[in-house]
Every structure is written in C-alpha cells, then in structure tokens.
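**Q** Below is one structure. I have some questions about it.
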C-alpha cells in the first residue's frame with residue numbers, strides 16, 4: 001500500500017501534470033469505487049478545472065475550488081497520464097478526458113481504491129470522521145499530545161501507530177523503520193514505553209517519513225510515481241524486507257514476525273521488549 005511518502009510523491013507529480021487542466025468528460029468502469037453519489041460524480045465534474053493538488057495523510061485531494069475529489073489509492077492504485085490514445089488494459093477503471101487532449105487514467109489491480117466528491121466545506125468534517133491524526137511535521141505533530149496518548153493506551157505500539165489517529169501516514173514499511181530507528185520493539189504496549197523511547201518514536205516518525213518523501217517513496221512491488229518513475233527509498237530501508245540479513249546497527253540477524261496480521265521486521269537485539 002502506498003504510504004505517505006509515496007502519496008506525496010504522486011501528488012507532486014500530478015501537480016506538475018494537471019494544474020490548470022479542465023475535465024471535459026469522464027468514464028467510470030467500476031462504480032463501486034465512487035463512495036459518494038455516482039450520478040453527481042458523472043455530472044458535476046465535467047467543466048471543473050484542477051486548481052490545486054493536495055494531500056492529507058494517505059489521501060490525495062483534487063481541488064477544483066468549490067468541489068474536491070478525495071482519492072485513496074489503497075493497495076495498488078496509481079494514476080497514469082496519456083497524451084494520445086489510451087491502451088487497452090483491464091485494470092484501467094476511471095478515465096478523465098482533459099482539455100489539452102490528454103487522459104488521466106486511474107489503474108487499480110485490486111479495485112480497492114476509493115473516490116469521494118465533496119463540497120470543499122465538507123473536507124474538515126470528512127477527515128474528522130476518519131479520526132485522522134496530524135501530519136508528520138515538526139510544525140503539526142506535537143510531542144506532548146502524542147506522549148499523552150501513548151501513556152493512556154495499552155495497545156502494542158506498532159498497531160497503534162498504524163491506526164492513523166496519533167499521526168497520519170505511517171504504513172507497514174515506514175512503521176517498521178521508525179521503530180527500528182527508535183530501538184523500540186513493535187509489540188511493546190505503548191504505555192510501557194519510557195518517555196525517552198516515546199520521544200524517539202515521535203522524532204523518528206518525522207525524520208523517516210520526510211526522508212521517504214525526499215527519496216521519492218519506496219518501490220517495493222508495483223509503486224511508481226505519476227511520471228512512471230521508481231522511488232529510491234527502498235535503497236535506504238534498514239529492516240523492512242531484510243529478514244535474515246545483519247542489522248546495520250549491531251549485526252544481529254533481522255527477523256520477521258506476525259503482529260496484528262502484518263509481517264513485522266525487527267532486530268531482536270536492538271529492539272528488546
């Protein structure tokens with residue numbers, strides 16, 4: 001699943017390609033992906049001009065001024081822009097014909113992606129309902145509320161971080177990297193962490209997600225940015241996908257366990273419970 005760095009990289013690519021473009025027509029082959037009114041999606045979007053490409057957590061936001069589309073890529077979603085004829089592909093599900101003759105296509109092998117067409121005034125309430133935490137920046141992700149939330153939760157730290165309520169954007173790849181960098185075992189109950197460990201988790205969340213953005217995201221399986229390019233963050237991962245390899249910090253073997261149904265990578269020496 002694309003995590004925050006991948007979605008931000010897609011956003012930046014789409015921004016370069018789409019700002020100022022007007023939707024002339026659209027086709028939806030998988031109506032279940034449209035989570036708001038299907039008829040409104042078909043009838044209200046033609047004539048709308050893309051004024052901004054924004055992001056909130058793992059959600060992409062196409063901003064038309066009064067209207068917005070909130071798009072979630074889920075497991076395998078990606079956007080492709082074709083300047084002339086669109087090739088046949090059974091995994092192409094949404095087609096946006098643009099005023100310069102190009103076509104923006106949404107591709108999704110799993111068909112899990114979602115689209116919500118909303119009035120911009122509904123955006124804040126939408127993300128409030130999702131209980132989405134702050135963006136992982138020094139300005140928005142404050143330590144004191146984070147510490148307070150950890151102290152009041154007995155959940156294992158990894159599943160807790162993946163809920164998106166404490167901070168937006170972490171997924172399976174980056175949470176493993178954050179906890180390794182913070183020397184915290186993923187199964188540790190949040191309220192059992194020392195305050196020093198809580199601070200390390202907080203600071204490494206910001207640092208590693210920002211590094212992921214700088215490196216254009218991680219291309220592990222199928223991820224590409226909006227320009228069709230691979231990310232490079234996979235070259236900087238320390239534990240994710242490194243089972244049986246030496247820990248970069250202590251040379252112990254990286255192991256993989258199951259936690260909350262997810263494969264979880266850690267160093268048993270550096271990340272003691």
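Every residue, even glycine, has its Cβ placed from backbone N, Cα and C.
When I checked Swiss-Prot for this same protein, it listed these features:
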type     : residues : note
ACT_SITE : 2        : active site, schiff-base intermediate with DNA
ACT_SITE : 3        : active site, proton donor
ACT_SITE : 58       : active site, proton donor
ACT_SITE : 262      : active site, proton donor
BINDING  : 91, 110  : DNA binding site
ZN_FING  : 238-272  : zinc finger
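What does the local environment look like for each feature on the list?
**A** When secondary structure is read from DSSP and collapsed to three states, residue 3 (active site, proton donor) falls in the coil class. There are 22 other Cβ atoms within 10 Å of the Cβ belonging to residue 3 (active site, proton donor).
Under the three-state DSSP scheme, residue 58 (active site, proton donor) falls in the coil class.
The Cβ of residue 262 (active site, proton donor) has 158, 162, 172 as same-chain neighbours under 8 Å, each 6 or more residues away in sequence.
Cβ neighbours within 10 Å of residue 110 (DNA binding site), excluding its own Cβ and spanning all shown chains: 11.
Long-range contacts of the zinc finger (238-272) within the same chain, counting only residues at least 6 positions beyond its ends with a Cβ under 8 Å from a Cβ of the stretch, are 156, 158-159, 162, 172-173, 176-177, 179-181, 183-187, 220.
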**Q** If you count Cβ atoms within 10 Å of each one, which of the recorded positions 2, 58, 91 comes out on top?
**A** 2
**Q** Look up residue 91 (DNA binding site) in the DSSP assignment and report helix, strand or coil.
**A** coil
**Q** What is the interatomic distance between the Cα atoms of residue 2 (active site, schiff-base intermediate with DNA) and residue 58 (active site, proton donor), given in whole Å?
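**A** Here the two Cα atoms are 8 Å apart.
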**Q** Per DSSP, what is the residue count of the zinc finger (238-272) in each of helix, strand and coil?
**A** 0 helix, 12 strand, 23 coil
**Q** Taking only the Cα atoms, work out how far residue 3 (active site, proton donor) lies from residue 110 (DNA binding site), in Å, as a whole number.
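**A** Between the Cα atoms of residue 3 (active site, proton donor) and residue 110 (DNA binding site), the distance comes to 17 Å.
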